[in-house]
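A.B. asks: Reproduced below are the annotations present in TrEMBL:
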type	residues	note
BINDING	B:D76, B:D78, B:D80	Mg(2+) binding site
BINDING	B:C77, B:C93, B:C100	Zn(2+) binding site
DOMAIN	B:29-102	domain 'Phosphoribosyl-AMP cyclohydrolase'
2 protein chains.
Amino acid sequence: MAADLPNFDTPDRLVTAVVQDASTGRVLMLAHMNRTAWEETIATGRACYFSRSRGRLWRKGEESGHVQHVREAYVDCDGDAVLLKVDQTGAACHEGFESCFFRRRTDGGWEVIGEPLVNPKTIYQQKE
Amino acid sequence: MAADLPNFDTPDRLVTAVVQDASTGRVLMLAHMNRTAWEETIATGRACYFSRSRGRLWRKGEESGHVQHVREAYVDCDGDAVLLKVDQTGAACHEGFESCFFRRRTDGGWEVIGEPLVNPKTIYQQKE
């Protein structure tokens, strides 16, 4: 089985990628990969995803410069999810936060944890 | 926007849940939630998911006893993923490993990290 991992024989031919900061363990974001994105990620050591909204490969940081260098990669028992431990340049979140998971549940609502690392208005003016 | 989080207005009415050990930061598993599963999780403090394969609510540990007490919950910027920090009883993985992500990428293959905490053959003989 292990030779066929990850298993892209899913309805949408995608697997889910959990992205974790290799140093702090903080979960940074969730994304998706098709086989091409996975193979490029492993070959280059830089995270490449498949953007479902744009319908194409998404080389993380291609517009923002906020690239991810992959230190370790894991696959889950079912083969349809991978875990990447990365060194994140800049902010993982397009809203400028270190992590996309910046809202924490409170009694009956949500609170924003931390401050944006960068101004989201400036992220997409930076080109690699 | 925050009042409508998580956002279950997705094609399958589900959001993805990343589950992380609250103490160690280890990513344990990935699962899915519909609104009912989310609301039950928040109300009870015990993780409840929606099993896509079984087409019904899945109260984690209902068969194995390996329940998850939720310490914190986060939602991501797009609202279609949540992060649960949990205290895991027993093993998160149905194969008996602490984490479902027990296979690490090597040069050209995969290696199993760690040993099962419990014998998977015995997990589903234990009833809560």
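Cβ coordinates are placed from backbone N, Cα and C, and glycine is handled just like the others.
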A.B. asks: Can you count helix, strand and coil residues in the domain 'Phosphoribosyl-AMP cyclohydrolase' (B:29-102) using DSSP?
C.D. replies: 10 helix, 30 strand, 34 coil
A.B. asks: Around B:D80 (Mg(2+) binding site), which residues of its chain at least 6 apart sit with Cβ under 8 Å of its Cβ?
C.D. replies: B:P6, B:N7, B:T10, B:V15, B:T16
A.B. asks: What are the non-local neighbours of B:C100 (Zn(2+) binding site), defined as same-chain residues 6+ apart in sequence with CB under 8 A from its CB?
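C.D. replies: Looking at Cβ-Cβ distances below 8 Å from B:C100 (Zn(2+) binding site), excluding near sequence neighbours, one finds B:L28, B:M29, B:L30, B:A92, B:C93.
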